[in-house]
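Heads up: the structure comes next, in structure tokens.
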Amino acid sequence: MHIFEGFLPGPWWQIWWILSIPVFAYGIFRLNKLVKEKPEVLPLIAVSGAVIFVLSSLKLPSVTGSTSHPTGTGMAVILFGPAITSVLSAIVLLYQALFLAHGGITTFGANLMSMGIIGPFVAYAIYKTMMRLNVNFYVSAFVTATLADWVTYVVTSTQLALAFPANPGGVEGSLVAFLSVFAITQIPLAILEASLITLLFKYVLQAKGDLMVRLDVLTDSQVRKLKETKA
């Protein structure tokens, strides 16, 4: 999903930069507030960031100018919400661009918008809806992680289609082409990623269920019930 350095032409890379900055700034505010009020969650923040880094670094060649890989944002989205997830994603994307030749600086805004903003926001909305409907937490976590990945690639395909419309076919034709290529790798990758994140949540709930209550992810009764039953 990382679009390579210099691949997006102007004005598209500038547009994605401008659109991503306000969300990132709000995420910084939310992160600072959370750490001041609940410093005990710092280990979970670190783990969530590490999950994003490790999974999103497992890249496979895909569409010209981009790659396929898990995004790893599902865990952070559920624990901390999409705004803070955008900050963790930004840190990972910047490190990868500077030291791993994965992504780029001019394309940083586009990559952050897809992996760190729109994907997490859509997934978070689905997660909250499922929890309101009393869907099992582990099922909700699996669906959330899957959608965070898939939506990211829909956005990346849209970004590439807008920058490189097909002739003939225009933006729509280009979008279908990009989505078709991404789907080959991303459908199975997202399912594997979601399975891993769901297993991680099972461990976190057993070891740090109290922190999930502190973060308002689950209630005390939900944690007790999940500990007593198998997912």
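The chain as shown is numbered from 1 upward.
Each residue, glycine too, has its Cβ placed from N, Cα and C.
Taken verbatim from Swiss-Prot:
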TRANSMEM  9-29  transmembrane segment
TRANSMEM  41-61  transmembrane segment
TRANSMEM  74-94  transmembrane segment
TRANSMEM  107-127  transmembrane segment
TRANSMEM  135-155  transmembrane segment
TRANSMEM  181-201  transmembrane segment
For the transmembrane segment (107-127), which recorded stretch in the set 9-29, 41-61, 74-94, 135-155, 181-201 gives the largest number of Cβ pairs separated by under 8 Å? 74-94
Under a criterion of three or more Cβ pairs within a distance under 8 Å and sequence separation of at least 6, are the transmembrane segment (41-61) and the transmembrane segment (135-155) in contact? no
Could you tell me what the rest of the chain brings near the transmembrane segment (74-94), counting residues at least six beyond its ends with Cβ under 8 Å? 2, 20, 23-24, 26-28, 30-31, 34, 41, 44-45, 47-49, 51-53, 56, 103, 108, 111-112, 115-117, 120-121, 123-124, 127, 140-141, 144-146, 148-149, 193-194, 197, 200-201, 212, 215, 217
